[in-house]
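TrEMBL has this to say about the protein:
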ACT_SITE  Ser212  active site, charge relay system
ACT_SITE  Asp347  active site, charge relay system
ACT_SITE  His378  active site, charge relay system
DOMAIN    132-385  domain 'AB hydrolase-1'
Amino acid sequence: MSSHEPEVYTVAPEMPAMFDGMKLAAVATILYIIVRCLNLKSPTAPPDLTYQDTPLHRFLLKSCPILTKEYIPPLLWGKSGHMQTALYGKLGRVSSPHPVSLRKYLPMQDGATATFDLFEPLADHQSGADVTMVICPGIGNHSEKHYIRTFVDHSQKQGYRCAVLNHLGALTNIELTSPRMFTYGCTWEFAAMVGYIKKTYPQTQLVVVGFSLGGNIVCKFLGENRAHQEQVLCCVSVCQGYSALRAQETFLQWDQCRRFYNFLMADNMKKIILSHRGSLFGGGSPKMVDADLRRLYTATSLMQIDDIIMRKFHGHSSLKEYYEKESCVHYIHNVNVPLLLVNSGDDPLVHESLLTIPRTLAEKKENVIFALTLHGGHLGFFEGAVLFPQPLTWMDKVIVGYANAICQWEKQKPPCQGQDGGGCALHC
């Protein structure tokens, strides 16, 4: 009798194959998210320009070709407005230089002390003229910020003297001498700096430059008094929002993470204010009380801080009145000198609805060019091949290039009779 062993069939386990499929799907999902978040499929393009066809603008676009060429950000991350903004916010710039300056202190009528840093040119200007850049930084910023130092160093090497306003209270190691600090649209300190430059260098011509909040201040400064445009060759504003009243609603939205950025900026503002609590909330401050200090600790947005603290520095009765009175949108149409307004289409802080303001202005006024880039974030505008950005940004180059072209135009045009405030530059 023969016995037969039962045949045993082994089935290959399917679990590893299933896991491999899951891994592949996970990798594909991650890659898809990276491509979407970093906007890798987005094309590069020249800035979208809005302007009137005038002899000046034809000359400027020919003499400042960077405005008509592609802006090419670093390939792997430069097409993400969030990455550009984060790198600007965290590092400011790469390999930032250390230009040498002299700090100036200017007493104000209300007892405050304005400060600015003065940087002398490192070369002769190509036009042979004496030209000074008067620069207003972004919110809570000052002359020691890396992006300011990089821009100043580049401008000095091109023959420009630079004067950089330190926003009142922004330098925490300089005590306030009155119960007041900088606000969204107060032009007092900037006006004092410009007045000092005009008095000290009577032959100089001015190039006015503002970054973000500083762009609002310089455009408001030029537009609120026609005399402020005397000796001014041109003005450049980068990444401003034009109307705080219209911007406040967008800052409460989660679209483009604006609510998160709002929280971060509010936290930074709280630190600046609290570093001066002795001056702002002491016995010498009739506008601030202890209840305001307690409310400040719990604030989570810039609007709350503006309502609790900032509007009271100038006696505004409401947040709406504060935003209305301090926004350049009500003054910028009075600016008659050549004006370059630069914004980025992927700036997470400036909602696209706000960009109708500069676009409409450029369509109506013959002194204005509005340049809108596809990429650049908020004050980023980094350039580079794949991963590592260059020390000098597109923003630095375009401001100096535009200013150089304006100086060239002024040098070669015939003298004008009977015009002032910049109107001459547009027609001769």
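Numbers here mean position along the shown chain, with the first residue as 1.
Cβ from N, Cα, C; glycine included.
Shown here: features listed in TrEMBL, placed on the structure.
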| residue | record | Cβ within 10 Å |
| --- | --- | --- |
| Ser212 | active site, charge relay system | 22 |
| Asp347 | active site, charge relay system | 26 |
| His378 | active site, charge relay system | 25 |
